[in-house]
Each structure stands twice: as structure tokens, then as C-alpha cells.
């Protein structure tokens, strides 16, 4: 829509169809390649007689701004005397929504668009439309626009463009969302999959305290197994509560689950429930499981991780919009850690060959993820500075790899120690940067600190068993104390924010972003004409002619 002004002072508008973002990108590529041809046709075409009539155009003439909106809004002759006040918000123009269909303004307070429906037609039928808008659904594709903005998966790059925060969960000020920001959403829509990070922290603590009680390197502490039993029961209870709640969300708001799966950070947390189950199986108290675990437990827990590996790693390998160089972030380590934890559980149930298979898969993809995150290709999406809590995932993967290698081959040999030393160096490189992890509001993402700290503590205990000395034992105890303290602080803070202050689950704005980007910084819907003098118009024509002459001279050469 182009707006201009004539000499009289009346505002004129050229109303035309607004193309989608992808179509505009294609047209820009075509326009740049055919710019010289169009300029030749524009200035070298033969003149026509005045008597010849041009073919009629489809509503391309200039009309006044108020008249154009009165026609589109279906105003009658009685309302012509009343002037319509146009919005000046910048995000919506004259009552139309961001995508040109008014979806944003009409869906305020309507959460049914994310509910699970049998068909997309029933889901779209729940969205109210204004009767006085005068817009035909078939001619303007309003219904198709709704389906496109809600039901189709959001491109991975849109999350980096539209979001910021510890887990890319905060919408930027220049973005619009499908749901209202000023009212509280239903609890299930506010419950993110990142809550399984709480279960990761507690279940890994159960393994840590089991190791402290049974390891020869820490036997002088006389740690009772009762602590392991209490933490294990707490971990099981939290897992059941979080898993049940998320299953209700999956049953009632499946569209929100789809959007979380499209999220470049949260897609990796779909590995978390099965990693937690394997952690609890590894850290089972001796009173409950005194002997070897049944191999069926490993088969049940590793099957979802293996299918997710085929899906996620296949996207990394095949390229496209979700190639690793574009979606890589520190939480991508979770998809690799699942293989190492599965290898540890395989060794515990007595199946060491499948454990070696999983370890090989995990180590190969760990090298790829590690190098990708370190070099930061210029073509990859820029990670936000606020994505700091999940940076601790860097130390979890090599630590888990060292523990898995020691469990499979029954010794903490050179390769296991190499992985352990890598995790220890990364741990120290993050500890010496306290400002890197400050200045953020508390959220569930803070639990990303606990699981990596606990994993490197368990690896330190294994290393102290192989190399018994005062330094190794002191290092294992210091890291164990730091990880336990962090888990205790975060557990208390989570309880306070959840039940006392009730600020743990704010509106999950990340799942409500639009599929396409519509803001004034990228693709403005309205371009204003600037007043040009006749001299500037003649100068522009001369530039076109000079460009034509240069193109002709280049062809002659």
C-alpha cells in the first residue's frame, strides 16, 4: 500500500495485494536479475496514440486514504459523513492485523486456536470474524492465512529473529504474537517442556549420592544410603508430576507441543524425559534393586531416544532449514548426552555391545556439535547473549562420555580421562566468568546449571578411584558440594516462585509467535512517497539512461 500526497494536499493511497514474505523474496530475486531489461522496455518502448485505450487494471487507481478504507470496511452512504480514525501503532494499519487479515486483533483472549482438534476446519471455525469487515474469506484468503499462521510449523530461524532470553522464551518488542500479552493464559499453555530440567537435576543427584556412599574414594565420609533413597524418591515424584502435566498439555493443546518441537532450543528437551528415566534406573537404591537391572528397562527407555536421533541427526545431515550450522545452540548437547547415558545403562544391564554402539554415535555427533558451536559460522543464526544458563551443557557431554567409557570397559583409562579433562577445563573456563551468568531473572532455565555440575562431579569421583590422592579426592568433594548446593538453592527458589510468589510460569510467548515476520524493520506494509521536485525526477531519468548506455557498452565489449 503506497501513500502519497498531491499538490492539493489530499492523501492518496495505492491499494494492492500484500504478498507474503516468501513470495516477496522470490520477486526481489527476479527483479534484481531483470532490472536492466525492464529499464530498456520502460524508456525504449514505442509511443502510442492518445486515442488508444489502455486495458483496465484491477483496482490500481489512486484513491483517497479515507475513501479506500471506507470501501474496504463496507461503510454505507450514511456513514460517509463520519470520519474513520486510523490507527498509528505501527504494528497494525487501519484496523487490519499484521498479516493483512486482522487475525491478531480478533483473537484476543481466544485460546482455542491451540486446542487439539480433529480437523483444521473445526479449529479455524472457532476463530471469530467481524461481520462488518466486508472482507470475503475466499477472495482474501483469510481462512488460509489463519491456518498458515497457526497450524503450520514455524521456521527455526523465526525463533532466533523474534525471541530472546535464557531459553529463547521472550518476545522482542518489535514482534506481534497470536495470543494476548496482557492477560494470564491457561496453566497448560504456560507449562514448558523445559520443566524436565528440574527432573534432570534431581535424578542426577541421586546418582551422585549413590556414588558418594559406595565409592572407595569417598568411603571415609561414611555417607548413608538413606540420602540416595530420599533424593531418588523425590526425583521419581517430580518426574511423575511433570510427565503427567505435560501429557495433559499434549492431549489438550497439541498445537503448543508442535511449536515447542519446532523451537531450536526446546526440541532438545524432548530427550530429557527418557534421560531422566535412565538416570533414575542407574541411581536406584540398592534396597530396591540389589541385583542387575532387567534389559527390558533399557529397551523401553532407549527406544524414544533412538528414534529422536534418527529424526534430529537426519535434519542435521540432510541440511535445509534445520541444518546444524543454523540451529546449533548449547542445548543441542542434550541430544548427544542421551547416547552416553544409554551406554551407561546398557553396561549396567549387561549389554555392553549396544553400549559401545551408542557411545560411538554420541561421540561422533559430539565432535560435530562441539566444533559447530566453537567456530560460529557467519552463515549460522546469531545466538542471543541471554542464552547463558544452557552454556553449562558444554561440560556435561564430555563428562558423560568419560563415565560411559569407564562403565563399558570397566576401567577409567586414557580415553575416559581425556574426556574428563576436557570437561574439567570447560568447567573452569565458565567458573572464572561469573558475569557471564548474572543479570537474568529466575526461570526454569536455571536448572540447566545443575545437571552438568553433577555429571562432572560423578566423573571426578570415578577419576579419584583410579588415581587416589589428596588432590583428586578434594577435587571430587569440592565439585560435589558445589553441585549439591546449587541444586538445593534452585529447588528452594523454584518452590518459592511456584507456590508463594506464583511467578514460575509466566505466559509462554515463545509458542505464540507468528510464522512470518511482519514489522517495520524488514517488510513494511506501507511505503510513503516522498515529495520530489521536477528536477529530481529528471535526474532519476538521466540515471536510468546512463545505466542503459553502460549496459549497452558492456554488451558491445
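The backbone N, Cα and C atoms fix where each Cβ goes, and this holds for glycine too.
Of all ranges given (334-351, 514-531, 532-549), TrEMBL attaches the label transmembrane segment to 334-351.
Here the transmembrane segment (389-408) has Cβ contacts under 8 Å with residues 166-167, 265, 329-334, 336-337, 340-341, 343-344, 346-348, 352, 355-356, 359, 362-363, 366, 369-370, 373, 415-420, 422-424, 426-427, 430, 436-437, 440, 445-446, 448-449, 451-453, 455-456, 458-459, 462-463 of the same chain, all six or more residues outside its ends. Counted over residue pairs 6 or more apart, the CB atoms of the transmembrane segment (334-351) and the transmembrane segment (269-289) come under 8 Å in at least three pairs, which marks the two as touching.
With a cut-off of 8 Å between Cβ atoms, the residues of this chain six or more beyond the transmembrane segment (357-377) that come close are 302, 309, 313, 316, 324-325, 328-330, 332-333, 335-340, 342-343, 346, 394, 397-398, 401, 404-405, 408. The transmembrane segment (269-289) and the transmembrane segment (187-209) are in contact, since at least 3 Cβ pairs between them lie under 8 Å (pairs 6 or more apart in sequence). Through the fold, the transmembrane segment (295-313) approaches residues 267-268, 270-271, 273-275, 277-278, 281, 335, 338-339, 342, 345-346, 349-351, 354, 358, 361, 365 of its own chain, all at least 6 residues removed from its boundaries and within a Cβ separation under 8 Å.
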